[in-house]
Amino acid sequence: MDLSLKPEHKAFADEVRAFARENLSPATREKTFSGKHYDRDDHMVWQKALGKKGWLAYTWPKKYGGPGWDVTQRFLFENVLAEEGAPRILPFGPKMVGPVIYTFGTEAQKERFLPGIRSSEVSWCQGYSEPGAGSDLANLRTRAVREGDHYIVNGQKTWTSFAHWGDWIFCLVRTNTDGKPQEGISFLLIDMKTPGVTVRPIIMTDGAHHVNDVFLDNVKVPVENLIGKENEGWTCAKFLLANERLGIAEVPSSKRGVSVLRKIARMEPQDGRTLADDPAFTAQIADIDLQVQALEMSELRVLSTMAQGGAPGPEVSSLKVRGSEIQQRIAELTMEAVGEYAQPYQPGMLFHDTNETPIGPDHAPPAAPRYFNMRKTSIYGGSTEIQKNIVSKMVLGL
Amino acid sequence: MDLSLSDEQKQLQESAERFAREKYTFDNRRKIAATERGWLPENWAQFAELGWLGMAFSEEDGGYGGGPIETMIVMEQFGKGLVLEPFLPTVVLGGGMIARAGSAAQKEALLAPMIEGKKQFAFAWLERQSRYNLADVSLKATKEGNGWSLSGHKGVVYNAASADNIIVLARTAGSAREPKGLTLFVVDAKAKGLSRRDYPTQDSLRASELTFDKVSVVADAVLGKVDDAFPTVEEAVDRAIVALCAEATGCMDAINAATLDYIKTRKQFGVAIGKFQVLQHRMVDCFTNAQEARSMTLMASLKIDDKDPTVRAKAASGAKVQIGKSGKFCGQSAVQMHGGMGVTDELSVSHYFKRLTMIDLMFGNQQHHLTRYSNLAMAA
């Protein structure tokens, strides 16, 4: 066992860093460190650069056009990019649907869809949740009825992140209503330009628009867009969720969050000194710092198992729970660090490039909105309550 | 001992409850928040008519002889409705300081019209470096003939854009962060040399950054004694804190009620989610937290008139710690139990959560007041 880096891994980290410094726009980087929202270009320009380099689908094996990296390389890649202020890679294509396609798809489907995902030329969104089926995913009602060589799809998806940017959506649809709710679900790829697909924004508590309702009204989908077998989509769904819950712990961005928080504490005045001189406050930062380290090490242990060919098991649910708590706590402490100046609301400073000057310090405007917004981390991707049920049932046998 | 409300107090509670219920439906609140002023003059006129603007003041000051319990009753209902009218800056802070430190002439010129609903105030104490330290004031007031000249900056001044007068905490002597050497001035909001940058706050209230560039005021503008404003300010802020605590208890009641209703009706896995023990226990903790918040607020409201400033300060800080803790628990739990809906703008839940969060940050958060309470308790 060894935690220290071999020379070739150090060289790899340097290569990633050099790439980020050359390709990441300074404006995007600035948004990361100041906590502003990215616009579409921030994501797309960066992802296309990664795609060109062959690094966007960095978790994929070589066989499917990925770089075939080992677990240490993946870890270094994520961490270096977070340190450099890169936006997180939108996971829907490269981390979610891509692996489903190369694991369960036909050769024709692989040829058709994987290149666009690797290059970020085609962007994806996830059609899992429905108004009646959030955490209770198996309760989904969107119907796909086969008519000849097409499915006719009717229903509503919700909380669809970046549906307004998406070219394609991967959906769980009900193809059979008999039997257990998990049976009779299929995994379907739908072109967002198909007639009958409507996207409606949902505005979040910080005023941001990331998520949407997606209405599917008699949408005609060719049968060749079905992944895996009809009525056996639950297998794809579970495979995807296990992958999702691993990355969702967001360790690299939490590490960056802790270091930004320390920087803010050194700048925030208190009683003629700074907040960094307040042991009650800095102890709270230290506490969260150590939690991040524990989470990171737990995640490395899972990755190490995966490197040996294992799949992420239900224990990743506990990583997701802890990861979301940590993200929330960092956001909370950052807002508390700003104190009274967290009160002004300046949407212009969150969403647009603007010449408006901040009220209070530069780091103040995003602090409270981010705290409000981060409450979602314990809800999306399977709520904390659901994750704990999974651990208690699948890991502890309760 | 008797902790029940008098008949008059019950009537007050009922009329405040009715106001919040009828005038502050969630849709109405959204509309009021979107107006330029951020509150409704007709509501303010109604406050005056109902006697709410003068209820906590003595009869010799033109009020109706009530006190902190009346303020608590009204603020609690304001919390339930997320009411936006500037009661706290005008009546509790401005009116409170004028009643305690003002001369007879100032009371006549300022307090009487305030009670009639004709004058509003803002209290400018905070500066960029102050954080929660009320004595960390560097805005300077220097003698100028018979009067004074004020120069410097004040931040996050609630209701400054609507106020007729700004009550400004300035340094007239002493060094940075010294409680001695502070003086309160009543400044005309339209005074020459006073400029404003207005903005909404996270919870849809209105505040401003103020710049004072040699703003001249007459000698009579001093509220209370020169160089000795700190005890007045500390007391006024403690009173404001207790009023905020009452508002927070109203917020908690409303957000808990909404959550309880939601988990009884929202179905997953074929049953109402309220059937799951993990949510039941969390809901019970919300209830307990709101009870504790109510208890500490009531205790603080009963002790805030104590002649011993330590008793008063401990009560205010103690309640603020509890409100911070309970508000965070109820707010975060409500959002969590509402699932995705809880983090959207379209449900009231996120708005109560925001208000509870901002209340925790105002005049010192949980950590700040725990330290203050601890220091006071250790010194005793």
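Yeah, the Cβs are placed from backbone N, Cα and C, and that goes for glycine too.
Heads up, TrEMBL stuff is auto-annotated, nobody curated it.
Per TrEMBL, domain 'Acyl-CoA dehydrogenase/oxidase N-terminal' is recorded for A:7-120. Among the features that TrEMBL reports, domain 'Acyl-CoA oxidase/dehydrogenase middle' is placed at A:125-218. The domain 'Acyl-CoA dehydrogenase/oxidase C-terminal' annotation in TrEMBL covers A:231-395.
Taking H, G and I as helix, E and B as strand and the rest as coil, DSSP gives the domain 'Acyl-CoA oxidase/dehydrogenase middle' (A:125-218) the counts 3 helix, 50 strand, 41 coil. Secondary structure of the domain 'Acyl-CoA dehydrogenase/oxidase N-terminal' (A:7-120), assigned with DSSP and counted as helix (H, G, I), strand (E, B) and coil, comes to 82 helix, 0 strand, 32 coil. Across the domain 'Acyl-CoA oxidase/dehydrogenase middle' (A:125-218), the prediction's mean pLDDT works out to 94.
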